[in-house]
Amino acid sequence: MLDILSELLPRLPGILGALTLVSLAIGISYWQKIGLEKSMSVAVVRAFVQLIAIGYALQLIFDSDNPLWIGVIVGVMLTVAGLTSGKRAESIPKARTIALLSISTSLALTLGTLLALNVFEPTPQSVIPIAGMIIGNAMTATSLSMARLRDDLKSSRSAIESALALGAPSRVAAQVQLRTALATGMTPLVDSTKTVGLIALPGAMTGMILAGSPPMEAVQLQIVVMFMLVGAAAFASMIATFLTYRQFFTKTHQLKL
């Protein structure tokens, strides 16, 4: 704990300076009667505590260099992501299981490919941050796809049931909704990939430049990261969409809502 405090003290002025911006945001919320003062305050405190805790934990893991810790940290991240994504789609049967399977499979396929091609070294310093980025983006894609499919199936119930009554299998009857859900999960990352470097410098690149790395080295890493995240979002959206779709149709191709 003393080590953490000693490392924080030199950076305290910068943290306090950034905190003034949060205070202004809270002030605006109070002034305009938005009612987000408590939520913002709790969010800031939670973010501070969580980041300090994960920073300390990562330092211990990197110092120990024990590969077992990779599994522990990644397992915790997957569990939290699955629960969070599933909670956003609570009305879907087995939502948390679907979310966890989608995110886990996306992580395994994406990270496994990168490690197999020797793009990253299988060390805690490489695997944990990369896994975190994959899981975070896969979680978002999963949540969006599941929620969109649920909503579209409900709003298109009459059209789908009419198609089923005419003999169409469930996958054909709901193909428009399936495609829309897939696109919904992938679109945010595709859009950000189109504008990367034009509107804002992405996280991995910014971090490396701030750490003193040459810009071209940072660019090379960011290209790998962006391509990796597009693949992760595609895998997660596809798996989540088709697993969710199965929850709304019986084996005899009847819609159940």
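Here the Cβ of each residue, glycine as well, is placed from N, Cα and C on the backbone.
Pulled from TrEMBL, these are the features on record:
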- 12-31: transmembrane segment (TRANSMEM)
- 43-62: transmembrane segment (TRANSMEM)
- 68-86: transmembrane segment (TRANSMEM)
- 98-120: transmembrane segment (TRANSMEM)
- 126-147: transmembrane segment (TRANSMEM)
- 195-213: transmembrane segment (TRANSMEM)
- 219-245: transmembrane segment (TRANSMEM)
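Among the recorded stretches 12-31, 43-62, 68-86, 195-213, 219-245, the one sharing the largest number of Cβ pairs closer than 8 Å with the transmembrane segment (126-147) is 219-245. Taking pairs at least six residues apart, the transmembrane segment (98-120) and the transmembrane segment (68-86) share three or more Cβ pairs below 8 Å and count as touching. Tertiary neighbourhood of the transmembrane segment (195-213): same-chain residues 133, 219, 221-222, 225-226, selected by CB-CB distance under 8 Å and a gap of 6+ residues from either end. Simply put, out of 12-31, 68-86, 219-245, 68-86 has the most Cβ pairs sitting under 8 Å from the transmembrane segment (43-62).
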